[in-house]
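One structure below.
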Amino acid sequence: MGDPWLSAYDAALRVARKAGAVIRDAGEKEIKVCTKSSTVDLVTKTDERVEKIIIGALREQFPDHCFIGEESVAKGEPCNLTDKPTWIIDPVDGTTNFVHGFPFVAVSIAFAVNKELEFGVVYSCLENKMYRGRNGKGAFCDDEKIEVSDVKDIHKSIIISEHGTDRSCEKVEKIFSTMKKILCIPVHGLRGSGTAATNMCLVACGAVEAFFEIGIHCWDIAAGAVIVKEAGGVLLDVNGGPFDLMSRRMVSANNMVIAERIIKEIEIFPADRDDAPIKKITKFCKK
Ligand SMILES: O=P(O)(O)O[C@H]1[C@H](O)[C@@H](O)[C@H](O)[C@@H](O)[C@@H]1O
Ligand SMILES: [Mg+2]
């Protein structure tokens, strides 16, 4: 049987590094900012250009594979995970950070077959850190094996999350009420890097104990999910059920004790599934 997806994994590493160099270079120049689902859901030419570079390179090598890319879906392409070999790509995770020069921007590339995630690559390109994980073969940051933290006492944990780009009062209320309850457990601290993929790699390398978010997309978390699992962590739905890649919500943690304690505090609000009927997002660019 050999290692059927090794060439795909190598291709992912290569194109992630190339994409990271394009992002770094673009960050040195003037960045034209547009918006998508809200006035704070930013997208730039670099997001779109980098996604074209990644999908172009992978499609050339694997013409019969399927692709789910953040910016392709925003333009109306379907977001359906089938049994076919499928790449799940966020070309620039942390676009707001990229626009502001805040130093956490990641290229996130995952690969699934029969709806099972085979491997994930998260290249934190401003830190020049390549996080990677393959099914059953461990998780690494560059060449160093990484493992989740062994903390079981929630009072000795750092929890990482994001507030997303939906600024409706009802959702903001629930997000901050959840964060307040977690903070007052108390935990050692709350953090947010601004990119879900990076947050999950911080769980995987033991820098924080758990990441949760409602409102993320499959492309934000698919690669990080493999890396967390391969680093010995756990993945769950925010209601304690099984992790569902397309549900737009998740908890990733170093162990079940921490995960279940966090889940108790999460105030759940609805988010349309990624595989719900296509909703083309209208991009708006100020002149
Ligand atoms: O930067 P992108 O790829 O758009 O993803 C982020 C998303 O925009 C934010 O709303 C989420 O809170 C982050 O977790 C995503 O990484
Ligand atoms: Mg993105």
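Just so you know, glycine gets a Cβ as well, placed from its N, Cα and C.
For GLU70, the entry in TrEMBL reads Mg(2+) 1 binding site. TrEMBL lists ASP90, ASP93, ASP220 with the feature Mg(2+) 2 binding site.
In the three-state DSSP scheme, ASP90 (Mg(2+) 2 binding site) is classed as strand.
Between the listed binding-site residues, namely GLU70, ASP90, ASP93, the fewest other CB atoms within 10 angstroms of a CB are found at GLU70. Cα spacing between ASP90 (Mg(2+) 2 binding site) and GLU70 (Mg(2+) 1 binding site): 5 Å, rounded to the nearest whole number. Neighbours of the Mg(2+) 2 site: apart from ASP90, ASP93, ASP220, residues of the same chain with C-beta atoms within 8 angstroms of the site's C-beta centroid are GLU70, VAL92, GLY94, ALA106, SER108, THR195, ALA196, ALA197, ILE216, HIS217, TRP219, ILE221. Cβ environment of ASP220 (Mg(2+) 2 binding site): GLU70, ASP90, ASP93, SER108, THR195, ALA196, ALA197 lie under 8 Å away, each six or more residues apart in the same chain.
In the three-state DSSP classification, ASP220 (Mg(2+) 2 binding site) falls within a helix.
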